[in-house]
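Feature annotations, reproduced from TrEMBL:
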ACT_SITE  B:Glu221  active site
ACT_SITE  B:Cys255  active site
DOMAIN    B:7-439  domain 'Aldehyde dehydrogenase'
TRANSMEM  B:484-502  transmembrane segment
Amino acid sequence: MSTKASMNETPLGQIETILKDLRTSFKSGKTKPLSWRKKQIEQLYKMCDEQRELFASAANTDFARPITETYLYDCGVIRNECIHALNHLDEWAKDEYRSDSLAYATMSKYVHPEPYGTCLIIGAWNYPFNLTLLPLLGAIAAGNCAIVKPSELAPHSASVLTTMIGRYLDSSCIRVVLGAIDQTHALLKGDIDHVFYTGSTAVGKIVAKTVAEKMIPVVLECGGKSPVYVADDANIAVTAKRLAWGKTVNCGQTCLAPDYLLCSKATESRLIPEIIRAWRTFYTDNPVNSDSYCHIVNGRHFERLKKLIDTSKVIYGGEADANRNYISPTIMTNVDENDKVMQEEIFGPLLPIVTVQNEHEAIEFINARSKPLALYIFTSNNNLAKTIINSTSSGSTCVNDVIFQIAPPSLPFGGVGDSGLGSYHGKYSFDTFSHHRSVVYSATWSEPILSKRNPPYTKQKTAFMESLVKARRNWVPLPRIGGFWFWAFAALATAVITRVLVRGFRDDKWEF
Amino acid sequence: MSTKANMNETPLEQIETILKDLRASFKSGKTKPLSWRKKQIEQLYKMCDEQRELFASAANTDFARPITETYLYDCGVIRNECIHALNHLDEWAKDEYRSDSLAYATMSKYVHPEPYGTCLIIGAWNYPFNLTLLPLLGAIAAGNCAIVKPSELAPHSASALTTMIGRYLDSSCIRVVLGAVDQTHALLKGDIDHVFYTGSTAVGKIVAKTVAEKMIPVVLECGGKSPVYVADDANIAVTAKRLAWGKTVNCGQTCLAPDYLLCSKATESRLIPEIIRAWRTFYTDNPVNSDSYCHIVNGRHFERLKKLIDTSKVVYGGEADANRNYISPTIMTNVDENDKVMQEEIFGPLLPIVTVRNEHEAIEFINARSKPLALYIFTSNNNLAKTIINSTSSGSTCVNDVIFQIAPPSLPFGGVGDSGMGSYHGKYSFDTFSHHRSVVYSATWSEPILSKRNPPYTKQKTAFMESLVKARRNWVPLSRIGGFWFWAFAALATAVITRVLIRGFRDDKWEF
């Protein structure tokens, strides 16, 4: 069991000094060169490669987290995002020139991404390295200094993070603060320029309120109850396995975990045996003995989850062992919206099933609640999926799987409404930690034109200025079909084909 | 002078009803079809075309706003952005498919932009139509319902807006609320999903804090003191005219107005006569009589500005007439950071000059204060400009002009730090009012691969999963040089050229 003893809290008095140091480092300009950023990212990669055993062991100590889950979903993910960033940082960070209509031809214009300054990253405990280091990667890629506050609920993970960040990364620009509410509050009130928070919606709102007074931009990665709708035409075998996996990986303590199930009675009766069979394959009949099944993070959450179990509705599982913070994979049926388990994000291995007759009832049920972080749909009918997607809103959506919509680096990961604000991953991480500054160089020789804006205002000058910048509706939007090089290729290909045809028909010489 | 008498305030109880109506309209799905959105945008265009005289006359009544300035900077700008949106809405709103490495080939993935729901737009008085209707355009383009709260400081403009929005736009989805602090507070506490605020930093912070409790995303378009650095090598004739225009258009009541000037004594002595000459050309020796020169918006701001004038430092202007809320274009020299005029955003026709010896002192002065909405640099040396840009931060920057960096639709317009958060204009407007929802369709036939993630965890399965998604560093990033069609074109062009050369050298036939 994790104890507070192994985590030293950063004294409150030190926090102001740390922030001062980071401010000085940022002002020195050392985080701006791409070479510095790439070096840090390479170090981050090395850290998550060389220290994978240490990290996995720490998370295992914290809440019996299976080694594989830390290898795959913390270390592996971070390494891949590091490589992705190294491959693309040059394009992300460069000045991006823009073009408009001829009216603006006298202006040389581009968007110049620049760092905010000092970025505060508040991590979460459930994926203790991923949810701290992926945002850190974004902050570094964008050229910021960063201060990381790992969650105190995974103290061993926080401790190894502190040691390793101190060893691998540039301590003049990247620091770790350990502690709980007091330290977090001191940081939020300190000299920072940006906050990236992962955690509960309730605390997220407090974070947002605290920094709003200083007009500090925030990204809030929260959660909520992510519904799963299983249509009657879903592939039951595949659905059951994927659902079973998503509900119990990290023991359901995943922001993107499928929270509750909506389906018809008929589908439920086909699904339940398959889910149970999958769980048995995964963890044997006694998950408490399985290395692949982790435990609830602490006693408080264990008690919270235990209260959500309505034994009269449990048809599988429902076992709980307070000594080990262990709760078995559990299914409850005939759940309705007033049950305890439907009042909060579960964040545990309980699968409540709410009966709906069809997708319309499902949509109604989903839309009556706050926008979830994820919406899951299992169906073999893509049109049905599309209907549900178009009638609802969620941070992200996956059809025929759960959680893995987070994997492709090209997609933004974030919530909407109560589930969060802002997004990251891939280029979105870079953008989230950057200010996109518009820069225009205006020609001095354009004065004859530009001076038409000067008073005294006359009808002629006004009419001139209006027509100079007047936008015109393009009714046949060719550019929509392709960009410049597409049309260049098309033109050249047409010329070649024409030449070949002409040479063929006219001279009877069929050759390129 | 504007009076409160002709602006009816919306009764507070009505606000909840209005928000209920908008919620019902949004739920009905009527704002989602692109046809509805385009129709509204076309109506917005028509309104700012057919009602330009009414709008200009209203602003003129509010603060003697020159007709031309409303024609150009309100109506004209809105019409052009409408056309731009109509030209591009299809590409902005479509599902954008993404591609990643082969590891994610079993996923069909795209980003699906969707509206938030009900968007609150709090407008400002200084460009009373632009700063209310441009955000409204963004909200509509993204498929939202909208509630507009124009500034009460320009009551005739607010009134004209209310009438015309009611006449031209779909009242079931777009409504106007009139009033002041009470109405704004009721709206912020109401059933809304997004807030777009234009106004002062102080109020912006209150807005942000009020909605943070509900995790509502905000865009804050604020201001601050936008510095101008005029280097010794600047083109004095052009600089003076552009600076003179920027400082007195809308009587300096522009968020992007050049606030104060930094330059050497030598440059100052060359610049001042030119600025004065420009002002005389613009407004004659008595701007109070000029139709092209507007007045301060109300008595409170007039008094505020009057207090900023240090008569001992005035070298030109300094005239004030309380009966007409008139302040003449004014220059103050030898201003230092402790003077009253340097303690707040001026938002008036006063130009304080602070002496610095070179760009390094200018950079130091700028960086000692909060990040401005705009930074202006006048120089004939682009490297000098670049140095200053790279050593500072601002919402946007313009070299050799002021304010007009806002004009090209391809550039984001917004602040950073105290000057604001978020951006809009062009596609940025659409994006700002949209939630970008990641959608993934996972193949069911990929189960043999995907099931490797399932417990029980083994070394082999783990290694398989790791290598499946492992990212590789690309040391020669071809994609950095060009996209797919660029390389297709290059390949085809190379083939054609090779063929021509071969045919030429081998057969002595020089032809395509």
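From the backbone N, Cα and C atoms, a Cβ is placed for every residue, glycine too.
These numbers come from a predicted model, not from an experiment.
Taking Cβ-Cβ distances under 8 Å and a sequence separation of 6 or more, the neighbours of B:Cys255 (active site) in its chain are B:Ala124, B:Asn126, B:Thr198, B:Glu221, B:Cys222, B:Gly223, B:Leu373. For B:Glu221 (active site), other Cβ atoms within 10 Å of its Cβ number 26.
Over the domain 'Aldehyde dehydrogenase' (B:7-439) the predicted model carries a mean pLDDT of 97.
Secondary structure at B:Glu221 (active site), taken from DSSP and collapsed to helix, strand or coil, is strand.
B:Cys255 (active site) carries neither a helix nor a strand DSSP state and counts as coil.
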